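Colleague: Provided herewith is a single structure, encoded as structure tokens, for subsequent inquiry.
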Amino acid sequence: MALNTIDELIEDIRQGKMVILMDDEDRENEGDLIMAAECVRTEDINFMVKHARGLVCMPMTRERCERLGLPLMVQRNGSGFGTKFTVSIEAAEGVTTGISAADRARTVQAAAAKNAVAADIVSPGHIFPLMAQPGGTLARAGHTEAACDLARMAGFEPSGVICEVMNDDGSMARRPELEAFAAEHGIKIGTIADLIHYRLIHERTVERIAEQPLDSELGHFNLITYRDSVEGDVHLALTLGKVCAEEPTLVRVHNMDPLRDLLQVNQPGRWSLRAAMTKVAEAGSGVVLLLGHQIGGDDLLAHVREIASAPAPAPKATTTYSTVGAGSQILRDLGVRKMRLLSAPMRFNAISGFDLEVVEYLPAE
């Protein structure tokens, strides 16, 4: 079955219809029904509950969550993909038990209204808001961000309603079942990767602001500076030699850490900045990408205590989904396409939307 284009999906969202969006097979490998929150009716919620069977959630921007006074459900997110659930909600007026399709639609309408305020909703309730990462799918390739992107691109408030599609036996529907579901119900279907690629053509959240040579004790690198227009963070790319799209590039994506990087504190199982730069210098070409993040005094103090504690077992590689988008945009700008990644194997979502592919993982030596 041929997938629909992003323009086709946007048009259906604009008409108040649902679409199906799939993510990567190496992530959740699921498909969600998605529609703009402003367009939700009772029959839409009923369709989701009856036919899709997943959890009905309401993605919205950080700004809307703050305006509605919605704190995160937990302060320390332990979920595998960093999905930011807030406390559940109910419309303050116009509902009875809150669980009926009509009541849930009313709750969505109350929270999605352009002039909605905290007094319009109460907690707990039967709708589960999700806080989207600023920058949308260019920052985090999840259904939460995709729903906000599609609603915004269709001319609505950047807020949606999503529901995972499940099979009759309760298992998650994968691509073959999702395509059959879409055909049966006349719903257009696409991928998050295609949405990312579409947005990259029309908009970006990271821009190159400076470039200069850098003579270090580990080699002669080229230093390129980028700024994230959403978060305001500054990221640095150290390149050596020629980057060729047709050939795999040696790449290290490194979250800047003032203690470990400057004091050269060893962390078992992870590439240090020095080791990564040395590896690239020995290879004669490659990219070391340094992702910068603002760190407060309390965070720094907690980090010092963590380093001072007893050595922990070698950590497993994990993905910080909020930084994958910025890093992917930068690598794409540098001309990287295929990567030999200095990292233990980890899962990414929809990096194919950035025209990137990991062909080999190189764990820390």
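Glycine is no exception: its Cβ is also placed from the backbone N, Cα and C atoms.
Got these off Swiss-Prot a minute ago, pasting:
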type    : residues                                                            : note
REGION  : 1-201                                                               : region 'DHBP synthase'
BINDING : ARG27, GLU28, ASP32, ARG140, ALA141, GLY142, HIS143, THR144, GLU164 : D-ribulose 5-phosphate binding site
BINDING : GLU28, HIS143                                                       : Mg(2+) 2 binding site
BINDING : GLU28                                                               : Mg(2+) 1 binding site
SITE    : HIS126                                                              : site 'Essential for catalytic activity'
SITE    : GLU164                                                              : site 'Essential for catalytic activity'
REGION  : 202-365                                                             : region 'GTP cyclohydrolase II-like'
Colleague: Measuring Cα to Cα, tell me the gap between ALA141 (D-ribulose 5-phosphate binding site) and HIS126 (site 'Essential for catalytic activity') in whole angstrom.
Modeller: 26
Colleague: Just to verify a number: CA distance, HIS126 (site 'Essential for catalytic activity') to HIS143 (D-ribulose 5-phosphate binding site), in angstrom, no decimals.
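Modeller: Rounded to a whole number, the Cα-Cα distance is 20 Å.
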Colleague: Select the most exposed residue of HIS126, HIS143, where exposure means the fewest other Cβ atoms within 10 Å, treating these as the recorded positions.
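Modeller: Output over recorded positions HIS126, HIS143: least Cβ neighbours within 10 Å is HIS126.
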Colleague: Tell me, by DSSP, whether HIS143 (D-ribulose 5-phosphate binding site) is helix, strand or coil?
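Modeller: HIS143 (D-ribulose 5-phosphate binding site) sits in a helix per DSSP.
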Colleague: Would you count the other CB atoms within 10 A of the CB of ALA141 (D-ribulose 5-phosphate binding site), including those on all shown protein chains?
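Modeller: For ALA141 (D-ribulose 5-phosphate binding site), the 10 Å Cβ neighbour count is 29.
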Colleague: Using a Cβ-Cβ cut-off under 8 angstroms and a sequence gap of six or more, which residues of the chain neighbour ASP32 (D-ribulose 5-phosphate binding site)?
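Modeller: Non-local contacts for ASP32 (D-ribulose 5-phosphate binding site): ILE20, LEU21, GLY54, HIS143, ALA147, ILE162, CYS163, GLU164, VAL165.
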Colleague: Across all the protein chains here, work out how many other Cβ atoms are within 10 Å of the Cβ of GLU164 (D-ribulose 5-phosphate binding site).
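Modeller: 19, counting other Cβ atoms within 10 Å of GLU164 (D-ribulose 5-phosphate binding site).
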